[in-house]
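Trainee: Here you go, one structure.
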Amino acid sequence: MTDPHPNRPHRNFYGRRKGHDLRDSQERYLAEDLAKLSPGAVDWDVNPDRTPLDLKERFGGKDIWLEVGFGGGEHLVHQAASNPDVAIIGCEPYINGVAMLLGKIRAAGVGNLAVYPGDARDLFDVLPKGSVAKAFLLYPDPWPKARHHRRRFVTTEHLEPLHRAMRPGAEFRVATDIEDYVRQTMEEVPKAGFEWLAEAASDWREPWCDWVSTRYEQKALREGRVPHYMTFQKRSL
């Protein structure tokens, strides 16, 4: 069969798209809410020319924040409720997490969120250059085996397009409880054009002042792992 999008780059995707069966209510949230929360034409089938999203039209000129891999959506909804004058795009390929987020959005009544249920690289394709004012990468999949480290988010394949999408001076927050992920983050993120802002140990040992702890973080703490909270800033040219 001929590829309808011959210019589409080959991108391996690792990880699950779906886990356990969704509840009836979650299926309803997906059917009723997901399309309304789209940030715009992201998928190749609807935007084969990779035309940049019109974020001003979609969000009314608000600052744009981005969370890559929002899990169950606790942090995303918290930030949306705390920052109503900001528009936040959440990207998550795991449909169970997306369904959980939609339930939280309904419960919280927030109206400044958009959701892309797919690969962040496809979203990066169509984010306008310099459009993102703040980005979050919180407890990403650690891919603990050495041969799988290239699958981690903190690689050139992800960091370069993220850097392009962020405005000069924009903040990039990374949280992880995996020591080797800290190491790779500290090696790769500065090389991609970001400056680490820590001045004291407390800057990475203590969470941000607007932080809300997630289910994953609570599990990590119960199991004796130590969270690290790293703050970077896109260097100005």
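Along the chain as shown, the residues are counted starting at 1.
Placed from the backbone N, Cα and C atoms, the Cβ positions cover glycine too.
I grabbed these lines from Swiss-Prot:
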{"type": "BINDING", "residues": "E67, E92, D119, D141", "note": "S-adenosyl-L-methionine binding site"}
{"type": "ACT_SITE", "residues": "D141", "note": "active site"}
{"type": "BINDING", "residues": "K145, D177, T214, R215, Y216, E217", "note": "substrate binding site"}
Trainee: Hey, what's the Cβ neighbour count for D177 (substrate binding site) at 10 Å?
Mentor: 19
Trainee: Pop the Cα-Cα gap between E217 (substrate binding site) and D119 (S-adenosyl-L-methionine binding site) into the table, whole Å please.
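Mentor: Cα-Cα, rounded: 23 Å.
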Trainee: Just to verify a number: CA distance, E92 (S-adenosyl-L-methionine binding site) to E217 (substrate binding site), in angstrom, no decimals.
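Mentor: Pair distance, Cα basis, whole Å: 18 Å.
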Trainee: Looking only at E67, K145, which of these binding-site residues has the biggest number of Cβ atoms within 10 Å around its Cβ?
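Mentor: Buried the deepest by this measure is E67.
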Trainee: Please report the DSSP secondary structure of E92 (S-adenosyl-L-methionine binding site), reduced to three states.
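Mentor: The three-state answer is coil.
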Trainee: Tally every other Cβ atom lying within 10 Å of the Cβ atom of T214 (substrate binding site).
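Mentor: Result for T214 (substrate binding site): 20 other Cβ atoms within 10 Å.
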Trainee: Could you state the whole-number distance in Å separating the C-alpha atoms of R215 (substrate binding site) and D141 (S-adenosyl-L-methionine binding site)?
Mentor: 14
Trainee: Which residues, in sequence order, are found in the same chain with Cβ within 8 Å of the centroid defined by the Cβ atoms of E67, E92, D119, D141 at the S-adenosyl-L-methionine site, excluding those residues themselves?
Mentor: V68, G69, F70, C91, P93, Y94, A120, P140
Trainee: Report, as a single number, how many Cβ atoms besides its own are within 10 Å of the Cβ of D141 (S-adenosyl-L-methionine binding site).
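Mentor: Counting Cβ neighbours of D141 (S-adenosyl-L-methionine binding site) within 10 Å gives 16.
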Trainee: Using Cβ atoms only, which residues of the same chain lie under 8 Å from Y216 (substrate binding site) while being at least 6 residues apart in sequence?
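Mentor: Listed in sequence order: G71, Y139.
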Trainee: Give me the count of other Cβ atoms within 10 A of the Cβ belonging to E217 (substrate binding site).
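Mentor: So the number of other Cβ atoms within 10 Å of E217 (substrate binding site) is 21.
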